[in-house]
Amino acid sequence: MPTSSLPSKVRSFGVKSDDTNKKLNNLCSVQKILNLSSQGHLKQAFHHLNILTRKGIRLDSKTLASLIQQCANSKSYREGKWIHFHLKTTGWKHPTTFIANHLINMYGKCGDSIQARKVFDKMTTRNLYSWNNMLSGYAKSGMVKAAKRLFDKMPEKDVVSWNTMVIAYAQVGYFNEALKFYREFRRLGIGFNDYSFAGVVTACVKSRDFSLTGQVHSQVLVAGFLSNVVLSSSIVDAYAKCGKMSDARRLFDAMRVRDVLAWTTLVSGYSRCGDMVSARELFEAMPEKNPVSWTTLIAGYSHSGMSLQALELFAKMVKLQVQPDQFTFSSCLSACADIASLKHGKQVHAFLVNAGLRPNAIVMSSLIDMYSKCGNLEVAKRVFDTMGNKHDAVLWNTMLSALAQHGMGEEAIEVFFKMVKFGVKPNRITFVVLLNACSHSGLVQEGLSFFEMMTSNYNVPPDEEHYACIIDLLGRAGRFSEVLAQIKKMPCEPDGHIWNALLGVCRIHGNVELGRMAAELLIELDPQSPAAYLLLSSIYGALGMWVNVEKVRQLMNERHVRKEQAVSWLEIEQKLRPSFGCSQSNTLEKDTLAILQLLADKTEDDDLLHDSESFIHGGLDARGSNL
């Protein structure tokens with residue numbers, strides 16, 4: 001390779017050798033590193049860097065900075081460390097400010113704030129970029145206290161410094177501190193840019209504060225940054241999370257430029273509010289869709305109890321060869337669990353296996369939940385056992401819930417102690433599930449022990465949901481005097497959870513007087529909820545008090561309280577059919593049949609089903625590496 005054909009930065013790196021061939025070989029090695037790294041082949045590039053290190057050849061500053069930046073962008077921590085090692089072994093134990101800044105940035109983006117700080121502390125000369133880089137590293141790691149200490153020491157601060165602090169506090173949920181920094185920054189009048197609003201908009205989204213969102217919206221408008229699609233989309237998201245869909249839609253419609261994120265944000269807002277008609281209309285109108293858009297609508301259908309529509313959309317997504325992600329599979333599995341369709345759950349599981357994805361804890365939890373709710377607890381256990389990394393409490397909570405649903409309280413307790421032994425810290429959900437398991441298995445004393453253990457051993461303060469579990473536990477055992485004592489001991493006012501639990505156990509034991517009291521309080525809290533009326537009616541009916549049953553029904557009619565239509569799912573001739581408790585029970589919309597058939601047709605490929613069956617029945621351990 002002629003020397004003149006190489007970039008000037010390679011020709012000038014200064015190889016001191018009289019042997020021209022050796023010089024050219026070294027130049028070619030450098031060029032190979034540059035070519036490989038620019039193509040994204042960092043591992044191969046650093047293999048050749050190793051060769052240069054052994055030869056004592058040092059790359060120039062610009063080349064090294066470029067390589068470090070590529071490691072930062074791709075978060076290639078190991079390769080970034082190799083460059084740092086290369087610097088040390090080729091006489092750069094104290095790199096220049098330029099190189100050190102790139103190293104701090106790389107370590108920060110890779111999440112190693114300790115190494116970043118070591119580089120920062122060893123710098124003989126620091127500039128504002130050095131301080132901001134270190135500050136950004138702390139912020140991205142969620143280390144706001146360390147960021148604040150560094151911020152206070154900074155000899156000078158610019159817009160980037162203040163923006164970083166506002167974003168850092170907003171990201172970890174310290175909204176008051178974020179707003180304090182934002183107001184102080186604006187008061188100083190040192191100027192601002194697009195990112196100056198990013199932190200405070202994040203605070204709006206996370207805090208769901210409508211008043212604050214309106215104020216920030218006005219400031220962004222006055223500052224002239226509403227044309228920034230990311231900022232506008234975030235404000236749309238903030239309005240949606242506040243439940244103000246009319247405001248969200250008004251801003252969306254006013255946006256001159258909308259990307260797929262903006263459209264998906266509004267679809268998500270409608271889905272979250274349960275307005276699936278508007279969500280679907282907007283989705284169909286999208287000029288461009290990505291996997292997140294599809295998943296957002298599927299998740300909306302699943303969470304709204306519209307499982308058929310969720311599965312229909314999943315089938316259409318697969319048919320159009322749109323690649324599902326982890327959240328897609330989780331939502332589809334939840335839909336299958338909701339209608340207790342083991343057949344469709346297995347088909348979704350088969351897709352998951354053949355997609356080559358390594359499921360995260362959320363997807364694995366959805367699989368366990370689906371198999372459990374479809375009556376196949378043994379497969380749910382095998383899925384749990386197959387999961388190699390069990391350090392997520394969500395996974396253990398789901399397994400505990402599955403055992404609780406099947407009345408296996410003693411086994412649930414065993415799994416809880418395995419969880420603790422494994423080093424996973426129980427959270428509030430863990431104890432809700434565990435108390436439910438004890439309640440449904442009649443393990444009263446064990447449940448009371450766990451209730452005490454929550455605070456004393458695990459520092460989890462009981463809330464209304466935990467107290468509701470205890471009331472259910474004691475009430476099922478007929479210990480109503482202790483139930484009333486627990487309600488009196490509560491540190492807060494009883495809510496719907498408490499009165500629902502009390503009403504439920506009164507129904508079991510036919511405790512009319514206490515049940516009436518609970519029903520009245522529950523109706524007072526939510527006059528339009530049918531649950532209290534129906535449970536009270538059920539208590540009267542069980543005791544043969546039909547006059548009172550009729551009075552409750554009359555009260556429901558007067559208040560226009562409607563009981564939700566009951567639906568059961570029946571598999572008839574290998575097709576899933578909803579059965580309603582009314583005159584239209586034998587009818588089924590043609591499009592619903594078509595939806596299910598579409599999903600079945602798409603997934604009934606012989607090879608796919610064979611793969612799924614071998615995975616689920618007997619092949620779980622052998623194929624465990626695919627999970």
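Note that Cβ sites are derived from N, Cα and C of the backbone, with glycine treated the same way.
Some features that TrEMBL has for this protein:
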- 127-161: repeat 'PPR' (REPEAT)
- 228-258: repeat 'PPR' (REPEAT)
- 259-289: repeat 'PPR' (REPEAT)
- 290-324: repeat 'PPR' (REPEAT)
- 360-390: repeat 'PPR' (REPEAT)
- 392-426: repeat 'PPR' (REPEAT)
- 427-461: repeat 'PPR' (REPEAT)
In the same chain, who gets a Cβ under 8 Å from the repeat 'PPR' (228-258) while lying at least 6 residues past its ends?
194, 197-198, 201-202, 204-205, 208-210, 213-214, 216-217, 220, 265-266, 268-270, 272-273, 275, 278
Which sequence positions outside the repeat 'PPR' (360-390), separated from its termini by at least 6 residues, show Cβ-Cβ distances below 8 Å to it?
326-327, 329-330, 333-334, 336-338, 340-342, 345, 348-349, 352, 396-399, 401-403, 405-406, 408, 422, 424, 616, 620-621, 624, 627
Segment-level pLDDT (mean, integer) for the repeat 'PPR' (290-324):
95
